[in-house]
Amino acid sequence: MNSKQIAGEKACEFIQDGMVVGLGTGSTAYYMIQKLGDRVADGLNVTGVVTSKATEELAKERNIPLMDLNEVGEIDLTIDGTDEVDGLFRGIKGGGGALLFEKLVAQASKRSIWVIGEDKVVETLGAFPLPVEVVPFGYKQVERQLEMNGYKPVLRHHEDGSVYLTDSENYILDLHMGAVTNPEELNTWLNNLPGVVENGLFLNYATSIVIGYSNGNVEVRDK
Ligand code: 5RP
């Protein structure tokens, strides 16, 4: 079992009968969803709320009952991956492009568990490029604003060279920073720029992290 599978499957144990569960996106959340599919097949009663079209497809394949985020009140628990997490449980998410829906679901959740391999724990955020979701209209102006303030935005592309579109048909500008020295300030500044829909700094959402290790161990850390 790889570290992502170990973490994903462990986190699935926190899902209880009757819960409304936020279903994260990515290759670690994948294992949680697979395990949840098995538990649903065995009779577990849950309602899932997806964070992306990809996760919706996977959850449907596994017969996990779903409701739209608009149809639920509070979500009991969300289990999602992250690209980085620091000692204060702040993270950078959106490597898979689902940051907007992920943040909306996290915001509605009483608890959020991030599932990760050991390599995702960092001292300082920012080695992973920070995704900034922008509307296509006038996005070059946002790029210009970012550059004028010393950032180096890179428009995200698919491997075939086409521009990457999020599930909301927006673009992503990845900021290669190396280190984010003041995540709170940057988060506020970015989200105040006209044209920015959301950014990948998730500062006050994770309540626990489940870390899978390549030696087979798993660790649960609570905030
Ligand atoms: C998608 C995300 C993912 O949770 C994040 O990219 C981690 O993905 P993975 O588990 O595949 O490493 O934020 O937008």
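Glycine is treated like the rest: Cβ placed from N, Cα and C.
There are 30 other CB atoms within 10 A of the CB of Glu102 (active site, proton acceptor), with all protein chains counted. The active site, proton acceptor annotation in TrEMBL covers Glu102.
For Thr25, Gly26, Ser27, Thr28, Asp80, Gly81, Thr82, Asp83, Lys93, Gly94, Gly95, Gly96, Lys120, the entry in TrEMBL reads substrate binding site. DSSP classifies Thr82 (substrate binding site) as coil under the three-state reduction.
Following the DSSP three-state reduction, the secondary structure of Glu102 (active site, proton acceptor) is helix. Non-local contacts of Thr25 (substrate binding site) by the CB criterion (under 8 A, 6+ apart in sequence, same chain) comprise Thr51, Ser52, Ala54, Thr55, Asp80, Gly81, Gly96, Ala98, Phe101, Glu102. A Cβ distance below 6 Å to any atom of ligand 1 is met, among the binding-site residues Thr25, Lys93, Gly95, Lys120, by Thr25, Lys93, Gly95.
Long-range Cβ proximity for Lys120 (substrate binding site), meaning a same-chain Cβ under 8 A and a gap of 6 or more residues, is found for Thr82, Asp83, Glu84, Val85, Ile211. Looking at Ser27, Thr82, the binding-site residues in this record, the fewest other C-beta atoms within 10 angstroms of the C-beta turn up around Ser27. The substrate site in the record is lined by Thr25, Gly26, Ser27, Thr28, Asp80, Gly81, Thr82, Asp83, Lys93, Gly94, Gly95, Gly96, Lys120, and its two most distant CA atoms lie 16 Å apart.
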